[in-house]
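Note sheet for the following structure.
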């Protein structure tokens, strides 16, 4: 017990005494996928839900889906800033910016995260950013990941559960992230809920892979009745709307207070609705009609691939706008490192002081992900197969003994604000007592 506590003390004492230096690169660059026939595998999967299919490791990136959803926390400063605002509309602006920023890391991230094993966990404590997070794979079929994060000064909690439904449609893979995000600001006694937009990866068979997000996201403040309606715009025929987000904030009487606009890959602004509409009218009067040129361009394209449109000019700021969020630049070696952001690059860090402190189910300890990160694809593939077979064998044993799987840190329930099915954090993870955890690795 003393040995365990000494590690705990040293690890966290170090965190509080200094701002840690995080990884800025991976141990090895990503491998080439050119020699693998994706079509040979995917042609039998058209119209099927891919989460029920064991995928070859060449599709993966060296992170678990539990680590991938942790990337929602990259721009936590927006929540901290919202906590300091006295006006509910100003708080909603920042919550909307946070919801948009949460999907920014998906830009150009065409690798698939590893499916978490049942019972797998991931924790992250960032003292310098004032929060900690715990997540758990609570269901295997369907695959559901639950997470809970909180500020270290008890100003907010952010939590949810995600069931990523993936379908292959011949030339593209569509991901529907089913599940509700809930943000609670304790000082203001407010709760916000929303769901994430759809995501589509184009050209999985032929051509350059590219990603778009689309769909309507409704953020509701359940305390004031304020809403933010965001439209993640699909690319469209001419590519003009690629990556664009536009919406507005309204109060409970449906009066519009602010317009939100920008790109989920770049930045988000807020402005008075009347000013924004006047600017749009002025643009329409002064802008030439380039549709004919665009139509001729479309006709000249082949049908073999969903060609990615040329990315349009960066977001033009309308005079009078307020910048809410701007994406951080990616590291210079990002394209060789699975297009990871600086934040993603740090998620598999395993410092010596963590051993014996983090739970033995933490995905930093997964041998297949670690091998892939180190560039050893053969070992990663063997370990992935071994772990999946071990999981199947454990399921057969439970069925034989008529034993139900029991989650450790979350329990099924209903979201207290929407009434929808959800997974609720039971607490206790950071007490650092991990008896009877399953041996999943």
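Every residue, even glycine, has its Cβ placed from backbone N, Cα and C.
Annotated by TrEMBL as region 'Disordered', the relevant range among 252-280, 281-309, 310-338 is 281-309. When the ranges 349-375, 376-402 are checked against TrEMBL, the one recorded as region 'Disordered' is 376-402. Note on the compositional bias 'Basic and acidic residues' (376-401): residues 31, 54, 56-58, 114, 117-118, 140, 366-369, 438, 440-441 of its chain, located 6 or more positions outside it, place their CB under 8 angstroms from a CB of the stretch. Taken residue by residue, the region 'Disordered' (376-402) breaks down under DSSP into 24 helix, 0 strand, 3 coil.
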